[in-house]
Amino acid sequence: MTNVINGRKIAKQLNKETKTRVDKLKKEKGIIPGIAVILVGDNPASVIYTRNKHRTAEKLGMKSILRKFPKDVSQAEVLQAIHHYNDDPTIHAILIQLPLPKHLNQTELIEAIAPEKDVDGFNSKNVGKLYNNENGHYPVSCTARGIMTLLHSYLDKIEGKNVTIIGRSILVSRPLQSLLINENATVTMVSLHTDNIDYYTKHADILVVAAGKPNLIKKDQVKLGATVIDVGINRMANHHLVGDVDCDDVKEVAENITPVPGGVGPMTIATLMQQTVDLAEWNK
Ligand code: NAD
């Protein structure tokens, strides 16, 4: 019997734990965790994501600022906002919603976020710590960490598993690769440049699909008993959201599978909340 992984339920439980930590921080240290989310322009998906992040943070009792800029904002103005939040002791976490309009230099903006407030873990200091599997506290990609939480909810261990990740993005796939390697998995990354992708997908105990291609993966590409994590979010012409995996088809062979919507998506926001409180605790 296939388990359809209930990301909403696991995210709800994580949010409950985060709320308890927020209450404790307030009561014992007088600290209210604060997050500033920067949104540039009016990309419909980004507007929805940032609204959800803002509302969830408020619901959990945090301070939340949603700073909106028009799509033609200058690099200097966004940089100024980042410096402002870097210096604001009531803000522990700063996030820039991606993608940004082409005229902005994304790398410069991410690097401008103070590493101890870089809640998405994209600043090169934090990326380096993850890559080196350093001890100590540092934030990592919220989607990647959220996927690890899902995997730990359904699997006894990651060690020794063969994992194939489709896609090699800096935002999700590469940090996930590091997290998995750090837990002694054997990780293969495939992309548009890979010949015979099926060879790698069929050998995977855990298959993560982050390509952004609707229904890319079918059951004949998946190992019997595999755990399949669908990261893709594709909005179809009828406005329905679908993942990169044909879930109904792949369910016939997978042991565990995440649906879209309701799988990885809710975990990204819940992990963002979790990491905001982490940052408030680590840097108090
Ligand atoms: P991306 O869009 O930057 O890059 C896609 C990657 O997939 C590239 O490395 C490309 O080579 C590879 N790829 C594309 N088509 C392929 C194919 N046919 N075969 C093999 N490889 C292929 O990656 P991203 O930013 O990780 O986003 C991937 C998807 O995940 C998108 O749909 C995005 O919306 C979604 N996403 C979801 C969440 C979430 O919270 N659920 C978070 C981030 C991204």
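Using N, Cα and C of the backbone, Cβ positions are placed for all residues, glycine too.
According to TrEMBL, the feature domain 'Tetrahydrofolate dehydrogenase/cyclohydrolase catalytic' maps to 5-120. A mean pLDDT of 98 is what the model gives for the domain 'Tetrahydrofolate dehydrogenase/cyclohydrolase catalytic' (5-120).
What TrEMBL lists as domain 'Tetrahydrofolate dehydrogenase/cyclohydrolase NAD(P)-binding' is 141-282.
Look at Ile233 (NADP(+) binding site): DSSP puts it in coil. According to TrEMBL, the NADP(+) binding site annotation covers Gly167, Arg168, Ser169, Ile233.
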What's the number of neighbouring CB atoms sitting within 10 A of the CB on Ile233 (NADP(+) binding site)? 20
Roughly how wide, in whole Å, is the group Gly167, Arg168, Ser169, Ile233 that binds NADP(+), by largest Cα to Cα distance? 16
Pick from Gly167, Arg168, Ser169: which of these binding-site residues has the biggest number of other Cβ atoms within 10 Å of its Cβ? Gly167
